[in-house]
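Peer 1: The structure under discussion is supplied below as structure tokens; questions concerning it will follow.
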Amino acid sequence: MTKYIFVTGGVVSSVGKGIGVASIGRLLKSRGLSVSVMKLDPYLNVDPGTMSPYQHGEVFVTADGAETDLDLGHYERFIDVNLSRLSNVTTGQIYSAVIAKERRGDYLGGTIQVIPHITNEIKSRIGSLARSSQADVVIVEIGGTVGDIESLPFLEAIRQMRKDVGRDNILYIHVTLLPHISTGELKTKPTQHSVMALRNVGISADIILCRADRPIDDEIREKIAFFADVDVRAVIPVPTVDSIYEVPLVLEDMGLGDYLVERLGLPATPPDLEEWRALVARIRQEKRRVPIALVGKYVELHDAYISVVEALHHAGLEQSIDIDIRWIAAEEVEREGPARLLSGVYGILVPGGFGERGIEGKIAAADYARIHGIPYLGLCLGMQCATIAFARHVLGTHDVNSTEFNPQTAHPVIDLMPDQRDITEKGGTMRLGLYPCDLVPGTRAHAAYGCDRVEERHRHRFEFNNRYRSVLEAAGLVISGISPDKRLVEIIELRDHPWYVASQFHPEFQSRPGKPHPLFRGFVAAAAQTLLAGEARQLPLVESTS
């Protein structure tokens with residue numbers, strides 16, 4: 001029978017539940033157990049697909065095309081599992097489903113209430129994931145903070161699950177913050193109150209994960225255990241660490257993995273975390289620093305590009321390179337020009353995005369990389385920007401643009417996909433999820449992947465306009481990846497360049513620690529080689545003494 005672990009948060013938001021859940025999943029998987037994960041988000045949006053990145057951060061796209069919370073990216077990277085749309089549930093989805101059933105008459109004229117109808121729908125979604133995944137353990141993170149009014153139906157649903165599946169098949173983990181005051185003393189009172197608030201909705205925490213910026217001694221653990229009525233072994237200190245990939249080892253060294261297995265009666269094998277320990281050891285080693293510019297629209301909020309950031313670090317780690325990300329606002333490039341902002345970097349990355357703001361800065365960055373031989377990686381919109389830049393400055397064609405930014409442009413080298421023309425709703429209507437791409441032999445993309453066909457995740461409405469394909473190819477643009485039906489250009493590149501590759505898809509969503517994505521691996525390697533070549537040119541000549 002599937003076991004369930006429910007993870008709640010207290011004291012403050014953004015306390016680290018997502019990394020905690022991902023780390024717990026890693027500990028269980030290292031013991032030979034199959035794990036699936038779910039995020040319950042209490043907002044009324046159906047999904048984050050139409051939310052501003054400033055509000056929500058990155059939209060993570062699953063293989064089956066769901067637009068989900070960025071925490072699903074952490075889950076996939078830590079546990080090395082591909083999740084589905086079943087793994088992200090919002091209040092908006094729950095209420096939409098219940099109201100649709102009421103309109104169909106499924107409730108036979110009954111009065112629709114939060115209890116039981118909303119809570120039953122929540123439990124049904126959790127059960128669907130368990131049945132679909134057939135996982136030994138399903139870990140469910142409840143978004144928000146205990147005490148938020150939006151979270152109450154979810155808390156009530158997971159309270160009811162204790163009776164539905166049996167007390168021995170459930171664990172409740174509460175993640176809290178231990179703040180410290182000017183004297184340096186860690187304060188436990190907020191955690192005590194948070195545990196009490198959880199009890200007020202009928203849930204008693206089995207395990208307390210205590211976040212803090214400084215060490216938590218045994219006296220504090222015993223105090224929390226006393227007030228929370230848990231075993232002192234169940235009070236787990238989680239100090240702030242240099243890398244999120246250290247967290248599974250912190251939890252393992254505190255005995256959490258064995259404690260979970262013991263409490264849930266899981267048929268686990270001894271933990272195998274040797275590869276993970278080797279990964280963390282590589283993270284701690286001194287590495288050559290390579291500056292890479294990320295030119296984007298939302299650079300003030302790094303979480304808007306979290307999968308891109310992690311994919312860069314995965315590739316750097318494999319090659320003993322410390323990626324020094326230079327966050328460059330595309331609007332700044334428009335105002336000040338690319339030369340001043342990009343002259344000190346050895347790689348330029350333009351990630352995905354939407355909207356006209358900053359677009360000319362992204363196009364200028366793509367062209368600057370082309371002219372100056374700086375390795376370039378374009379993702380989704382970054383590929384479209386590279387195409388526009390090439391058409392403008394290599395072909396010398398005037399009034400070139402995407403119809404997203406100028407519907408009346410004379411030369412729409414990027415245009416709305418035909419099947420998008422009659423769509424009026426924004427949410428969930430793009431080309432989303434995993435699609436195949438055929439790679440052209442003899443190209444950088446083919447060499448990077450080492451195969452003829454790949455499958456990658458997409459999120460876009462606009463595409464390369466095939467009306468311009470022949471003229472662009474004649475001018476030197478290489479189409480190195482294309483859909484099997486030959487209609488959609490997936491990858492473009494340049495031949496006589498250290499690395500100039502751009503994809504319509506989002507390779508960052510499939511990068512993993514220890515298994516970097518091939519395009520990021522190639523990009524980072526080219527950036528490092530460019531740095532080394534530059535250093536070699538600057539070395540002083542040494543006269544021979546012979």
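Every residue, even glycine, has its Cβ placed from backbone N, Cα and C.
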Peer 1: The CTP site in Swiss-Prot lists Asp148, Ile149, Glu150, Lys187, Thr188, Lys189, Pro190, Thr191, Gln192, Lys223. Which one of Ser13, Ser14, Ser402 belongs there according to the record?
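Peer 2: Answer per Swiss-Prot: Ser13.
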Peer 1: For the L-glutamine site that Swiss-Prot assigns to Tyr54, Leu381, Gly382, Met383, Gln384, Glu404, Arg461, which of the candidates Gly25, Gly353, Gly433 is also assigned?
Peer 2: Gly353
Peer 1: Could you look at Asp71, Asp80, Asp106 and say which one Swiss-Prot places alongside Ser14, Val15, Gly16, Lys17, Gly18, Ile19 in the ATP site?
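Peer 2: Candidate listed by Swiss-Prot for the same site: Asp71.
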Peer 1: Would you pick out, from the recorded positions Ile149, Cys380, Leu381, Met383, the residue whose Cβ has the largest number of other Cβ atoms within 10 Å?
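Peer 2: Result of the Cβ crowding comparison: Met383.
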Peer 1: When the pLDDT values for the region 'Amidoligase domain' (1-266) are averaged, what is the result?
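Peer 2: In the predicted model, the region 'Amidoligase domain' (1-266) has a mean pLDDT of 95.
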Peer 1: Of all the recorded positions given, Lys189, His506, which has the fewest Cβ neighbours within 10 Å once its own Cβ is left out?
Peer 2: Lys189
Peer 1: To see if you understand the setup: which same-chain residues, six or more apart in sequence, place their Cβ under 8 Å from that of Thr191 (CTP binding site)?
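Peer 2: When sequence neighbours closer than 6 are ignored, Thr191 (CTP binding site) has Gly10, Val11, Thr176, Leu177, Leu178, Ile208, Cys210, Ile224, Ala228 within Cβ distance under 8 Å.
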Peer 1: In whole Å, note down how far the CA of His506 (active site) lies from the CA of Gln384 (L-glutamine binding site).
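Peer 2: About 13 Å separate the Cα atoms of these two residues.
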Peer 1: For Lys223, Gly382, listed as binding-site residues, tell me which one has the smallest number of other Cβ atoms within 10 Å.
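Peer 2: Checked Lys223, Gly382; of these binding-site residues, fewest Cβ neighbours within 10 Å: Lys223.
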Peer 1: Taking the Cβ of Tyr54 (L-glutamine binding site) as the centre, count every other Cβ atom within 10 Å, in any protein chain shown.
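Peer 2: Excluding its own Cβ, the number within 10 Å is 12.
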Peer 1: If you compare CA-to-CA distances from Ser13 (CTP binding site) to each of the binding-site residues Gly353, Leu381, Glu404, which comes out shortest?
Peer 2: Gly353
